[in-house]
Amino acid sequence: MTYTAWIIVTAALVGLSCGLVGVFLILRKTAMMADAISHTVLLGIVIAFLVTREVSGSAMLVGGILAGLVTAFLVQWLHSLRVQHDASMGIVFTTLFAIGVILISTSVGNAHLDVQHALMGEITFIPFHTITLPVIGQIPQATALLMIVFLVVLFFIIAFYKEWKITSFDPTLAASLGIPVMVMHYLFMSLVSVTTVASFDSVGAIMVVAMLITPAASAYLWTDKLAVMLVLSGFFGVISAVAGFYVAAWIDTSISGSMAFATGIVFLVSFIGSPKHGLLSKYIRPGVHGRIVWRVKR
Amino acid sequence: MGNSIIKVEDLSASYRKNTVLEDISFEVEPGSLTAIVGPNGAGKSTLMKTMLDLHPLLTGNVTYFGLPFQKAKKRIGYVPQRGSVDWDFPTDALDVVTMGLYGKIGWLKRPSKKHRELAFEALKKMGMEDYANRQISQLSGGQQQRVFLARALVQQADLYFMDEPLAGVDAATERAIMATLKELNEIGKTVLVVHHDLQTVMDYFDHVLFLNRTIISHGKTNEIFTKENIAQTYGGNMRLIGGEFQHVVSTSE
């Protein structure tokens, strides 16, 4: 495959995995946990690097999961000590991220890691680091990692579909039926973490938030069915990623930036034009419950 | 009462640093239909949540069927206040009712056709069969409450807790809910309801629990639903119209 093809495949995988995970971030009203975790996985990656002295996919995944869980746990813990939820999130993630930044500049030296790369990602370099897998053959390391993560995310969403649904909609009922709500919470935070780690190389810590939240928020405006929302969100993620790549190639700009921008355009189109909950549909069909009204009210 | 189904001993609970419930002890007879009444801020919802392990217990002990909550929870159904969930969630009425069965379905399994039929039956019982596939945000407040009640019905619990099921619902919904409660009561289920309308207590409930941070009185409605107990529970926020408790209105709401 050509370099361009690999970049597009990688971008599409980022859009797909982030789109799926993002649906539950939106429905569980934990969208900003994505922002927090996307920053703190940096610390996990740096520590994984310091321990193993190599930039390997599996060590990064483990480090990322741990960092994500520590973040989720600390946020929860500070909140239980009566720090406001949003404040405890702000405190925890900036602190952990700062430790990551300090470690990069002091201990890591001029390895593959640097802050600029961590924040923005660099999808154009991805085809240069290849590994050889059985059956598939030579494949960029980041792409292979994303494929594995996508399969893991897909597996967990399908396997625990009804548990995700009930713990997102009504955690109280879920708990009273004997479903381990906290275990599901931390499992979900782990999924967010692995998705973020895998997307890190390509789009970086900041743009991954756009890929996680915006396609899902757009899909939310198009449908009243959870399964359809998942499919649409994944689809919007892929469309934004691919369109973003071509726009970036056309006007010669940052690929991750234009991917994130594309998600914003998809949202804007949905916000205005969605036949179900869009702005225009309310003028055309007055009396329809608009989700936008509700969103603004919150 | 040796055969009580719920036994609460010396329960207390606090919100932030304020104690809202103190020195609560009572027992509930099986097959009773109890209204929990009291002014705003009396701790009615908190009492329910504390008993169900949804709010921390400061002191005391609660047992169900002689067992601690964790061992008895599958036999207990809880209908929270309608505002406790996001009705914009992408799902329909039938799906919400089916959720009441998730504990029975088990891990890695999908709800089967049989589960959906059970859920549909429960919706039908609440007069909601025409709305089964309606997105839940498109339902009226009363209809949403009926969906919640249908969901509790499919759980087939022995004991039900309901937090203000009649708050802000239309007359048809109130009738449907009360008919269902009576029916549950007739087949021997025990039901506790946080209730706000003093005028209907006599008609609807056989037991009443007056609560204002602690228990003012608890017993059979026809014995203890008196002007004195109402006045003591509601304090100054009360006026009596015509001197009859059928016309008592709480002015605190």
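In case you wondered, yes, glycine gets a Cβ from its N, Cα and C as well.
Some features that TrEMBL has for this protein:
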- A:6-27: transmembrane segment (TRANSMEM)
- A:34-52: transmembrane segment (TRANSMEM)
- A:58-78: transmembrane segment (TRANSMEM)
- A:90-109: transmembrane segment (TRANSMEM)
- A:142-161: transmembrane segment (TRANSMEM)
- A:173-197: transmembrane segment (TRANSMEM)
- A:203-222: transmembrane segment (TRANSMEM)
- A:229-249: transmembrane segment (TRANSMEM)
- A:255-273: transmembrane segment (TRANSMEM)
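Among the recorded stretches A:6-27, A:34-52, A:58-78, A:173-197, the one sharing the largest number of Cβ pairs closer than 8 Å with the transmembrane segment (A:229-249) is A:6-27.
For the transmembrane segment (A:58-78), the partner stretch with the highest count of Cβ pairs under 8 angstroms, out of A:6-27, A:173-197, A:203-222, A:255-273, is A:173-197. Residues 7, 11, 14-15, 120-124, 202-204, 207, 210-211, 214-215, 217-219, 221-222, 236-237, 239-241, 243-245, 247-249, 279-280, 292 of the same chain, all 6+ positions outside the transmembrane segment (A:255-273), place their C-beta atoms under 8 angstroms from a C-beta of that stretch. Between the transmembrane segment (A:203-222) and the stretches A:6-27, A:34-52, A:90-109, A:142-161, A:173-197, Cβ pairs under 8 Å are most numerous for A:6-27.
Counted over residue pairs 6 or more apart, the CB atoms of the transmembrane segment (A:142-161) and the transmembrane segment (A:34-52) come under 8 Å in fewer than three pairs, which marks the two as apart.
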